[in-house]
Amino acid sequence: MAKGEGAESGSAAGLLPTSILQSTERPAQVKKEPKKKKQQLSVCNKLCYALGGAPYQVTGCALGFFLQIYLLDVAQKDEEVVFCFSSFQVGPFSASIILFVGRAWDAITDPLVGLCISKSPWTCLGRLMPWIIFSTPLAVIAYFLIWFVPDFPHGQTYWYLLFYCLFETMVTCFHVPYSALTMFISTEQTERDSATAYRMTVEVLGTVLGTAIQGQIVGQADTPCFQDLNSSTVASQSANHTHGTTSHRETQKAYLLAAGVIVCIYIICAVILILGVREQREPYEAQQSEPIAYFRGLRLVMSHGPYIKLITGFLFTSLAFMLVEGNFVLFCTYTLGFRNEFQNLLLAIMLSATLTIPIWQWFLTRFGKKTAVYVGISSAVPFLILVALMESNLIITYAVAVAAGISVAAAFLLPWSMLPDVIDDFHLKQPHFHGTEPIFFSFYVFFTKFASGVSLGISTLSLDFAGYQTRGCSQPERVKFTLNMLVTMAPIVLILLGLLLFKMYPIDEERRRQNKKALQALRDEASSSGCSETDSTELASIL
């Protein structure tokens, strides 16, 4: 398992600089090294890069919380509201098809886009920036049309399915190259880590912003629940007209207004990213004539031990946090009885996460990333146990929400901070292959979305077996118990499994420092005017 991991990193750090930098044929190279290390990003550059993460989070949060209720209650013509059994409206089955197909397509597009990016040539704008530039107009158009109710009776399901899948494709064409851009904004590990901390702060704020904008503008669209003849509680569509403060048409306009605001945020953030960030090419990469073939690169990436261990560990921890996220509103509403407080609890979690991301950035710089993983993610366990055992208490629930936000911040920051270390390690072992960065990032996003789909399926099936009543004001005790397990016990088990896998992750702080020295020697050798293919062959043999 670990036959040569320590030895390989040691040789990369020790033999590489000695064999290359001490060459008597290039004595001036050592004198140039201090200047090459000054590749710091300004705060403005980091903010411009960080703002590029907001569109994905703002739109994803709005769709995640509101698309289902929009398809069921709003995506129909005015005359169909009264005749709630009209065959022309988007019913629950059609809505489930739209949501499932859209989510599945979203996961599939990540490796497909990664494939296309890996084959993209380097242009005057870079390799990644053209994807961000040309996907933005199509993404905002598709997003706006998702929230538009077409004025024709037939084919509404196809309308929403088309534009939902189109938007997911375009936002993937934006987000995958944006994620891979981390490797090209700077060659310094510390600068990339700092920029990642800025990015995670903005992305957490983006989730808060998406929820706030959509919730405040379309909050009137919520349907109340009523008691039926069997003493169970169901929602009434006609109640929207009796108890709502806006008409159905005004509700549709409210969704369009919210979409327009979010589209403006998307465009502004994309423009700032494009104008404020310059994609930098590695000197040693420029010597290669063309990128590695995709499937060969995929085989090399998937055989890279640190990457597999990293994504497997985060797959379990991501699944844990997504189970909590997907069932938190239902848990607060039915198990804890805080129907009117869940919005504020969500806000407490996200604000806590936003405020603590800089603290985690300092922590991982001071104590190392593996230590930050253990401390940050495991800190959620005692609070989940407390939630499982305590009685319904609003003050304690708020305290737990704030504490949970601290762990959420670590879960947001650490994967994106550790992925560049894995890619650096890969580049040292495969110095002649480039263009694999989109593969690393796209497959990490793919596995994250896979975890999201699994958590959604597990939750839905579990609640269905427990007898969940759709849109009920209360639920049977079995449903409350199931929600308790989904939000507390199941995530605890998954977190412990993930932390166990992280024990096998080989890149610690010492290995990171060794890799940094070896990469710097590789860059200096490649950028030197006297660099030859003989030296590159020597470098590959040493590594």
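A Cβ is built for glycine as well, from the same backbone N, Cα and C atoms used for every other residue.
The compositional bias 'Low complexity' annotation in Swiss-Prot covers 1-14.
According to Swiss-Prot, the topological domain 'Cytoplasmic' annotation covers 1-40 (among others), on the basis of similarity to another entry.
Taken from Swiss-Prot, the feature transmembrane segment covers 41-70 (among others), and the record attributes it to similarity to another entry.
Swiss-Prot lists 71-94 (among others) with the feature topological domain 'Extracellular'.
Long-range neighbours of the transmembrane segment (95-115) within the same chain, counting only residues 6 or more positions beyond its ends whose Cβ lies under 8 Å from a Cβ of the stretch, are 67-68, 71-72, 131, 157, 160-161, 164-165, 168-169, 172-173, 176-177, 294, 438-439, 441-443, 445-446, 449-450, 452-453, 456. Under the heading transmembrane segment, Swiss-Prot lists 95-115 (among others), citing similarity to another entry as support.
The topological domain 'Cytoplasmic' annotation in Swiss-Prot covers 116-127 (among others) and is backed by similarity to another entry.
A Cβ distance under 8 Å defines the sequence-distant neighbours of the transmembrane segment (128-147), meaning residues of its chain 6+ beyond its ends; these are 52, 55, 59, 63, 67, 70, 113, 117, 120, 159-160, 163-164, 166-167, 170-171, 173-174, 176-178, 180-181, 184, 255-256, 258-260, 262-263, 266-267, 270, 273-274, 279, 438. Here Swiss-Prot flags 128-147 (among others) as transmembrane segment, drawing on similarity to another entry.
Look at Swiss-Prot and you will find 148-157 (among others) tagged as topological domain 'Extracellular', backed by similarity to another entry.
For 158-182 (among others), the entry in Swiss-Prot reads transmembrane segment.
Listed by sequence, the residues of this chain that lie at least six past the ends of the topological domain 'Cytoplasmic' (183-189) yet keep a Cβ under 8 A from its Cβ atoms are 37, 39-41, 45, 49, 126, 128, 195, 277-282, 420-421, 423-424, 437, 512, 516, 519, 523. Look at Swiss-Prot and you will find 183-189 (among others) tagged as topological domain 'Cytoplasmic'.
Under the heading transmembrane segment, Swiss-Prot lists 190-221 (among others). Long-range contacts of the transmembrane segment (190-221) within its own chain (CB-CB distance under 8 A, at least 6 residues past either end) are made by residues 39-41, 45-47, 49-62, 65-66, 69-70, 73-74, 182-183, 240, 244-246, 251, 254-255, 257-258, 261-262, 265, 343, 346-347, 350-351, 353-354, 357-358, 360-361, 364-365, 408-409, 412-413, 416-417, 420.
Residues annotated as topological domain 'Extracellular' in Swiss-Prot: 222-241 (among others).
Marked as disulfide bond by Swiss-Prot: Cys225-Cys473.
Swiss-Prot lists Asn230 (among others) with the feature N-linked glycosylation site, giving a curator's inference as the kind of evidence.
The annotation N-linked glycosylation site is assigned in Swiss-Prot to Asn240 (among others).
What Swiss-Prot records for 242-275 (among others) is transmembrane segment, and it gives similarity to another entry as the kind of evidence.
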Handout entry: Cβ contacts the transmembrane segment (440-466)/the transmembrane segment (307-333), at least three under 8 Å, sequence gap 6 or more
Key = yes
Practice task
Report, as numbers and ranges, which residues of the same chain sit near the transmembrane segment (345-363): CB under 8 Å and 6 or more residues beyond its ends.
Solution key: 193-194, 197, 200-201, 204-205, 207-208, 211-212, 328-329, 332, 338, 371-372, 375-376, 397-398, 401-406, 408-410, 412-414
Fill in the blank from the handout: DSSP composition of the topological domain 'Cytoplasmic' (430-439), residue counts helix/strand/coil, works out to 3 helix, 0 strand, 7 coil
Problem - Per-region confidence, the topological domain 'Cytoplasmic' (183-189) (mean pLDDT, whole number) - result: 80
Practice task
Please list, for the topological domain 'Cytoplasmic' (183-189), how many residues fall into helix, strand and coil according to DSSP.
Solution key: 3 helix, 0 strand, 4 coil
